[in-house]
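Right, one structure below, let's go through it.
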Amino acid sequence: MNISQIAKLTSLTAKSIRLYEEKGLIIPPLRSESGYRTYTQQHVDDLLLIARCRRVGFSLDECKAMLTLANDPNRTSAAVRARAQEKWQEISRKLSELTMIKQQLEEWIASCPGDQGSDCPIIEQLKGHCCSNNKTKTP
């Protein structure tokens, strides 16, 4: 398979596939006599795993670790679960932070009259000045 075929099968761009090769996530494919990359089913399987890992938020380094585990016949499910648990905890922390940011923005929006006047409590909050009865919070 050439890069355009594997890109279609995996829904990845050729650029992403070359990046994953460059970063060592996939083994370099063999080259045809004309210099084109020739991919195998193992490449497809590895790239699909990488794509799924990326969709759930794994970094390239984390994808590489998951790929190593996936291709290790001696892996334990405990090791795989630990990696997934770490990612879940990271995402949970980020969600909490985003929830606080969302609440802050909701408060600021509610405090702003949104009229033609130049006074804006949102700007005052962003400048760090206290206005009205709103509290300055930093998420």
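Including glycine, each Cβ sits where the backbone N, Cα and C put it.
The domain 'HTH merR-type' annotation in Swiss-Prot covers 1-69. The DNA-binding region feature in Swiss-Prot is assigned to 4-23; the stated evidence is sequence analysis. Feature annotation from Swiss-Prot assigns Cu(+) binding site to CYS112, CYS120; the stated evidence is similarity to another entry.
Long-range contacts of the DNA-binding region (4-23) within the same chain: residues 29, 37, 39, 43-44, 47-48, 50-51, 60, 64, each at least 6 residues beyond the stretch ends and with a Cβ under 8 Å from a Cβ of the stretch. When other Cβ atoms within 10 Å of the Cβ of CYS120 (Cu(+) binding site) are tallied across all protein chains shown, the result is 16. DSSP classifies CYS112 (Cu(+) binding site) as coil under the three-state reduction.
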